[in-house]
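Below: one structure, written as structure tokens.
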């Protein structure tokens, strides 16, 4: 009895503590934003308007030179940034990174550092300060807060770990008056000067799904391999594919979470093959794609029609086996753009309010070209990394 | 090897004059001094200072979340149990809070109540499985964690709910350079210290962790004590979930991927609480949490590579625990009541 | 427990904690059989054993550590590290395969030795020692390869995990991985019957008594960590061979394998359980995953079902254990006793 009562009492005490805690007035920097619409309070992950927009954007010719896709933009709305113009160069650029916890981010991160070196040489960037949150949203909020409190960042670049959860922190960064650049995953606020991203998850998932629908006979069986549940950018890829598959005559055998672990992927595919034929594989990211192909080889089954990603191990296996495949791309070269955007903003030049980068899958016709261009690169490297013209090429990526 | 061991023993013997908690605060001070020096030397050209306001704020903010989890974890570890489900409980709590509040300030009290209820129930389940079904706590709480994970994965495909501005203050407001969340954490720590020192259940927790059999024979309802510890631990995880919701402005299932439970256990052990139960306390845990937070801030200020951070963190945790582990265990061995019970209870 | 003389013995055996795992395994297999009897056709069952082999090898290694009263949380990170080391050092060159395999064995033993020394000489609880080691390995290996694995494995390296003896009647292929797993299992069982095995068991059961009886408890515990490091190396060779290199290889294996060992009736805290049952626990976990797959259970629900089954199975075994005497541990230890 004693303990139960005590537990109840402590619970009450906890509540009381909290209540008193939150009524404290904020003398300093409370984020005051009335427009916070932490949207999606339901858990519906399919937004028809976004889907339609992204699918349409795939066919729009981007502005800018195709030789430098990281500077291209789809239907940009150029905005004035003269208020952020700064004299004297040697800007301190602060970058809050979600993590470098997968090969895609590792590749992009190297590209970004190489781009920074170029701009440091030319004197536009002085210090480049980085925090890495290790995929922890709470940590990243602290990281961003630390940049704001330090007070000497001339620009803050943020690659958010999760869309909705970083919104308050990004708003706080905007309010500090420093230009903010957000890239990769977005946030639920448009307070940043520019938000840089490739077309998006729906387009990625749709490119892959449409390819399978085109290449496979009606009635064929498709297995979907996904990394994790609950990550919005990945959920969008699947949502688009699910819709397209539902409207097609393909049969979806299942959608499985693999954690991107090759052994897990091979296990799952092997088990599906024991139960029957699999004609197509759809993946929401290319990690471990080769293991899926090997499962077919080891089971002595004909190779499936498959979509992976522009990760080289997959593309090399694709070439070696001559299978029917597509490499959808979540443009890795986007890691260069935020650095360039930050220096443009600090120079008072116009930038697109939403900087939508092209996102073109690699088809069989382009396969040899991209493999040749990346010949020396390690197998967990991304073909469209867009760093070939940087001075560190190829050593920085090859000998990392 | 023996020479090193002897030297080690001599060093720890000299430190033995101090109490364990004092020793841990000494270690914290040492980490602060070393960290401060490292930052100053590393960033001499830029005038870097670990004790600049921005860095102090950063350090204190980092203590809050792990702090809440570690305070609760201390209670279960004292009872010779463990809770590996706190990360999942916190993630679920952030969603319960955010979806219950749904953007309306008037829902805040209900949401807090709902979180404490849900987390308390999870704790009661953990405690009951450990106490009545006699499942090892490592497996029991790993299992309940998986159960919660499956629920979260099935129900939430991403962040959900909306936390009103008023409640976000819990995550962002600060008084001077001290964040409100850190103050609440310290208040909770104070309450827990009082609870362990001055209440009967608190005393019983030490007894149960020391030797459940002896505790039972001396008339303690060990099952209830154990369940109480688990309930309080899960409620602390609930509070951590409230903090997450306040910081995120929404609830996030993804929060469970960060392995907060291992951070919390590391902090508790750093703080001098024995994983075997029966010895330690919340005061030490707070210092353990602070040590980890200082390290993180130092690494951040010094721009240490994220992977090197993991290496250093792992090494520091082992080294710090090694500093007082031997001495702590020697003292345990010197108390025949515990030593004898060790063999018998198995 | 090995020799059964009649139905009564069989019942008694099924009711003992070690027997529980075999009952669980039988139930899962029966269920799979009902859903899809083709699963038990030679080739597909061999494929199942091939993918289960690494976890079973890992379970044997973890068994030694757990039975001596410790934990090894670093094995998942060590498996990952070994695969990445192999890929980077071999870099696709066949000729480097054997030297690199030797380096890997050396590295695995070194990690085990460090874990063992820190736990015994410095008296750091193994939970913390191996948690620290997990962080160190995770970070160090990424620091070394710049964040993601580089290089590539050779064909001959991959043989052990991927290939087998072809053209066997009925079975189709006997995978090398299964042969290695059986060899490891047999070796582990024999080892536990030697004096070393008895000392190891005694140090987990009652360190003080073991010490008084003249057993070199610390040496036995260090040896257990060495065996765990070795088993993680073998598991790494098998997993790398099976599926190749990926950035996530080995993630979270430590919790799966500890669960497997406990499912096999081995008591955390030491002193009880058999290595055969521990490996059966690993097989049961893999079978459970296969069952989920056969049932087409929604992927997001699987953790929930898995958690519930694990708790139920361990609670069932604990109930049996608690019955005979009232001296059963109220709360089993969470770390090594000292």
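Each residue's number is its place along the chain shown, starting with 1.
Cβ coordinates are placed from backbone N, Cα and C, and glycine is handled just like the others.
TrEMBL entries are annotated by machine, without manual review.
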Annotated transmembrane segment segment (source TrEMBL; candidates C:174-192, C:193-211): C:174-192
Candidate ranges C:20-42, C:63-85, C:174-192, C:222-243 - greatest C-beta contact count to the transmembrane segment (C:127-145) (under 8 angstroms): C:63-85
For the transmembrane segment (C:174-192): best-contacting stretch of C:20-42, C:63-85, C:97-118, C:222-243, by Cβ pairs under 8 Å: C:222-243
Range from C:20-42, C:63-85, C:97-118, C:249-268 with most C-beta pairs under 8 A to the transmembrane segment (C:222-243): C:97-118
Surrounding residues of the transmembrane segment (C:249-268) on its own chain - C-beta under 8 Å, 6+ positions past either end: 16-21, 24, 55, 58-59, 62-63, 66-67, 71-81, 83-84, 134, 235-236, 239-240, 243, 274, 277-282, 284-285, 310, 313-314, 317, 321, 329, 332-334
